[in-house]
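What follows is a set of notes on a single structure, which appears directly below.
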Amino acid sequence: MTASPPAPAGFDRRYDVQGLDAIDVAILDTFPLTREDDLQRYPGQPMEIEIVTDEFSPVCPWSGLPDFGRLEIRYLPRDRCVELKSLKYYLTSYRFVGVYHEHATRRLLADLTKLLDPLSLTIRCDYGMRGGLNTVCTVKYVAADHPQAGQ
């Protein structure tokens, strides 16, 4: 049996990655769901907010290569909404963080749940193909006082 030829120079390369402490949670900001000059809350059903980006890109913890993904954030706010510019900076802070897809998705849920105290929150990350495999991670939070809690 013939041995495989050695890999070309550079194929064993690994880029440096940052740890989870590089995720900038402190940059996140919120604003009130209702305006101060409103006399009452808006009538009707609660508003579901959906934020989508195709620019979420943490890196592989093994190789340091970028993992591009479509990120969908969907939530029913209780009293606060996430400010979008701060969210963009927060998501950009993942850019050099070496983290598994599953862990990144759970971390997003934990950070945004703590920030917003929403009635419900769903995070869905659809990562690009890697070696012919597509990874889609979805995590959900439902507050105990939400009408759908326990269902």
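Every residue, even glycine, has its Cβ placed from backbone N, Cα and C.
Worth saying up front: this structure is predicted, and the values here are computed from it rather than measured.
A sphere of 10 angstroms centred on the C-beta of C60 (active site, thioimide intermediate) encloses 17 other C-beta atoms. Taken from TrEMBL, the feature active site, thioimide intermediate covers C60.
Under the heading active site, proton donor, TrEMBL lists D67. Counting every protein chain shown, 22 other Cβ atoms lie within 10 Å of the Cβ of D67 (active site, proton donor).
Listed in sequence order, L28, D29, T30, F31 are the same-chain residues at least 6 apart in sequence whose CB falls under 8 Å from the CB of E83 (substrate binding site). The substrate binding site feature in TrEMBL is assigned to V82, E83, L84, H101, E102.
Local packing around the Cβ, expressed as the count of other Cβ atoms within 10 angstroms, is greatest for V82 among the binding-site residues V82, L84.
Mapped onto three states, the DSSP output places V82 (substrate binding site) in strand. Look at the binding-site residues H101, E102 and count other Cβ atoms within 10 Å of each Cβ; E102 has the fewest.
Looking at L84 (substrate binding site) and D67 (active site, proton donor), their Cα atoms lie 22 Å from each other. C60 (active site, thioimide intermediate) has H101 as its nearest neighbour among the binding-site residues V82, H101, E102, going by CA to CA distance. H101 (substrate binding site) sits 8 Å from D67 (active site, proton donor), taking the C-alpha atoms as the reference points.
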